[in-house]
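K.L.:
When I checked TrEMBL for this same protein, it listed these features:
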COMPBIAS  B:25-48  compositional bias 'Polar residues'
REGION    B:25-72  region 'Disordered'
COMPBIAS  B:59-69  compositional bias 'Polar residues'
DOMAIN    B:80-172  domain 'DUF3347'
């Protein structure tokens with residue numbers, strides 16, 4: 001009984017949503033020319049946690065899941081935020097591009113806890129190659 | 001039913017208490033800003049320029065100012081080099097746990113650096129290197145059990161250290177070494193205190209792989 005009450009009670013406390021209508025000037029798409037196929041993969045598999053605009057599923061309103069999600073997004077954006085990529089120093093950009101490539105190569109990103117629900121975020125072998133190739137070329141091009 | 005009402009009240013109260021605390025914290029801080037000068041100093045320390053700009057801080061900071069100028073002449077990356085070397089050595093011996101604690105130590109050292117001691121013309125470059133290095137140190141600390149990942153971060157740290165040495169020199173003689181295989185064959189740099197090659201990127205698998213590219217004599 002007590003638990004049920006708490007569960008109902010916490011539904012009234014929703015975390016702030018990570019959503020924005022405009023693409024900021026510091027977004028990676030604005031700073032660099034991102035090929036369309038790369039952009040599609042990034043939007044599908046990365047932007048939910050690594051940008052200022054999450055596309056939320058309906059169940060994201062259900063607590064305590066919403067807090068869990070908000071925490072994830074917060075952590076994700078601290079590590080890497082594509083919406084703020086243009087604010088990073090050249091060094092940090094290179095370093096992030098290399099890290100992204102490594103994470104994808106090792107299959108650590110997207111997180112398995114995320115792809116468990118977001119099946120369409122799973123990267124195919126081809127997706128991985130496209131991303132790693134682009135990240136690598138970008139890393140070499142930024143001086 | 002009584003339980004229900006009680007629980008709702010409890011939950012609501014909990015939230016109100018939390019938010020009230022935050023408000024009162026803010027109040028405390030702002031009152032510190034105006035009334036208690038010495039407190040204000042400790043609060044604003046991580047935030048560089050604030051201390052100088054703050055009105056009425058004339059007594060204690062004068063003392064600090066002199067030490068700052070003394071340090072400016074002496075600014076040295078030696079503590080960073082020391083921590084880098086112990087991190088590097090942990091990875092040479094394939095020890096992910098030791099690497100993690102060395103990463104933590106490096107992070108602490110980077111956080112302790114007195115930014116005011118850095119010459120103004122090198123400040124921006126230092127900040128960029130240090131900000132990036134902090135992230136790598138943090139990740140190395142968080143990745144016990146994933147030594148490969150720790151090594152990837154060491155490779156980027158090595159590049160940062162290379163730039164730091166170019167900017168500020170080194171008091172300790174160091175060897176700049178090159179591992180041709182790491183990073184998908186793109187190669188990686190590392191620094192060592194001895195001339196003998198001990199590869200931190202592959203450890204016991206390929207201990208003697210790599211070569212000395214440069215000797216940087218300590219001054």
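A Cβ is built for glycine as well, from the same backbone N, Cα and C atoms used for every other residue.
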K.L.:
As a quick check of your reading of DSSP, tell me how many residues in the domain 'DUF3347' (B:80-172) are helical, how many are strand and how many are coil.
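P.N.:
So the domain 'DUF3347' (B:80-172) is made up of 78 helix, 0 strand, 15 coil.
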K.L.:
Return the average pLDDT for the domain 'DUF3347' (B:80-172) as a whole number.
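P.N.:
Over the domain 'DUF3347' (B:80-172), the predicted model scores a mean pLDDT of 94.
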